[in-house]
Every structure is written in C-alpha cells, then in structure tokens.
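Data block below; observations after.
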Ligand SMILES: *[C@@H]1O[C@H](CO)[C@@H](O)[C@H](O)[C@H]1NC(C)=O
Ligand SMILES: *[C@@H]1O[C@H](CO)[C@@H](O)[C@H](O)[C@H]1NC(C)=O
C-alpha cells in the first residue's frame, strides 16, 4: 500500500489515504515483476479488468469468462451463478493476468497419472470452494484427486538456474499426503526428468520425502524427486505445521539459495521457515518453465487442496516486497462464506 503524501498533509485519517496496489504492482515496484498471475477470486493488478477465469457448463458445453467487478477488484461471482443456474459448471481456464498468456488449462497425461490414469486430468468444480473477499462472494479452485491444470508452453517463466519467486493463497484445512498439491515451475514434458527440474510450492502432509515439525501439513518446495522442508532432505524442525484456514505460502529460489516463507493470509506477517543453500545435487537448478497447479511435475494427481490466487515472478523477490504483498492479501479479507 502507498500513502498519498498530499492527503496525509491534509490530515485525513490513514485509512482514507491508503491506495490499493495489487500483489503484482507490489512485485513490479520491487523489480521482480509477475510473469504469471492466476486467481479465480480477484484481480492481482490494480488496473486489471480482463478475464480471471472461464467456466464451462454441463447443460450445453458452452463457456463464459468471469471478470472482476471493478478494475483490480473481486471476481463477478454472480455472473458465474447466473450462467451456471440449473446445471453444473467447471473451471476450464485460469487466465494469466500478467499479459504473458500463461493460462492454465486441463493438464495433459504425464508419466504418472494416478486416479486419471492415461487421460487428461479432471477440471475443478466451479462452485467447490466458495469464500468471501471483504464480504463479497468469490470461488476458489477445489483440487480433488485427479484434478490438475498446466501450461507447458510458457513465456517469461524462469528456466535453468534463473531466479524466481512464487506465492499462493490456499486453504490450510484441505490437504492430504498424496503427491502433489503443487503450484509453480515444472517440466515441459509432463514427465519426471530428474533432480532440480522443478521449483514449486507444495502443501500437504506427505511424509514420503521432507517433513517439518509436528504432524503437518507443511509448506515445502517440490524441486523434483523430493519435497524439501529445509536444508537437508527428510526432517527439518524449522518448517512448522500449518493450522490457518487461509494460508499464504511462498517458495523462491536463485543460484544456490532458496527459501520457504508462510503465514496466516488473514492476519499478521509472514515468517521465514528456511532461507539458505540448495540441497546437495540441486545447484545449479535445471528449471524447465512449465506451470502446474494441483499436480506433480509428472502429473502425479493423487493430491487434494484449494487454490485461491498465486503468481510467479522474474527475479528473486526481497522479503520486504513479499511482506508488502502479504499486507495486500490480509487487506483483501479472505473469509469463509456463511
Ligand atoms: C459435452 O461434452 C462432453 C464431452 O465431449 C460430452 O460427453 C457431452 O455429451 C456434451 N454434452 C452436451 C450437452 O452436448
Ligand atoms: C545438513 O546436512 C549436512 C551434512 O550432513 C550437515 O552438516 C548439516 O548440519 C545439516 N543441516 C541441518 C540444518 O541439519
């Protein structure tokens, strides 16, 4: 958020002098601009008026695009409700708000397809994850096992050892221990091409690779062939179990440095759960630049979770930039719908 000095000079109370800057405006101010921005709940740029997502209805297989109610605002959930009245709708496309065209669509078959073996993954129900933002209704993306979104042909996403930042807001109470409720950078081939070929946020209580303190769920990094909770594979006490309904989760990486951060998306600051060197065998990274949501890099799709918003950046965002993004998320006032 930015203050208008002139208004402060006039002595108006601070709350009336706050100017909303969306998460991607904040990342741009920090010289780490969004190169992909996905949300079904709200615009992630102050000036964004384009489509947020597309729903497809079962009654006649037609589609409609859902936009924010105002520039930079909350999704027009009523438009979805009208279009989907008397039938069911699924989320067919989550549009990229960055202008790079990095839209997410139904994930194709991969090396390990789990419940959707041999075929494309399922689409999410358009009404599976209702919430409110500052009292206004919106819908998140409910990932059931077998559901997944992907883009293997992206623009501007980090490859190789290039730096990047990723955040998402998710439901901290909807998770499992299967692989993998991920959002972030993955293989362009939909197959496991080895250590260091991914850099994505994972959320859940899988104990097959890394774990943190308590019994989970944990925010971890999926760097391929492993979920990492800290410096070393397996247990890292610094990565806490998460108990918030709405969670802000962050993974970021640059040459031989990466970090996990997180917090309550409705209140308070972010904490850093790890910031240090790469695990052995992950320096340099071999990122490929595809984007996944709700699945692993090889399309492992046994996991569940709920996604509300997230971005990927060019460059390694500063903690200060991320802290400002967290303040914006808190101000958006995620809440459960009554
Ligand atoms: C919609 O498309 C699906 C998949 O192609 C098909 O099975 C279904 O019959 C179609 N429904 C209508 C109403 O056309
Ligand atoms: C990680 O493993 C290395 C090598 O075994 C060890 O020296 C280091 O102390 C470990 N770090 C943590 C945080 O446990």
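Any Cβ shown, glycine's included, is placed from N, Cα and C.
Keep in mind the model is a prediction, meaning the values are calculated, not measured.
Annotated features, as they stand in TrEMBL:
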type	residues	note
ACT_SITE	224	active site, nucleophile
ACT_SITE	298	active site, proton donor
DISULFID	24-34	disulfide bond
DISULFID	84-89	disulfide bond
DISULFID	179-180	disulfide bond
DOMAIN	23-334	domain 'Alpha-L-arabinofuranosidase B catalytic'
SIGNAL	1-21	signal peptide
Intrachain C-beta neighbours of residue 34 (disulfide bond), sequence separation six or more, cut-off 8 angstroms: 23, 24, 27, 28, 44, 45, 97, 98, 311, 312, 313
Candidate with the highest Cβ count within 10 Å, taken from the disulfide-bonded residues 24, 180: 180
Residues near the residue listed as 'active site, nucleophile' in space but at least six apart in sequence (CB under 8 A): 186, 187, 192, 193, 194, 195, 196, 197, 198, 297
Rounded Cα-Cα span from residue 180 (disulfide bond) to residue 84 (disulfide bond), Å: 30
Protein Cβ atoms within 10 Å of residue 89 (disulfide bond), excluding its own: 24
Nonlocal neighbours by CB distance (under 8 Å) for residue 298 (active site, proton donor), same chain, sequence gap 6 or more: 110, 111, 112, 187, 190, 191, 192
Mean predicted confidence [pLDDT] for the domain 'Alpha-L-arabinofuranosidase B catalytic' (23-334): 97
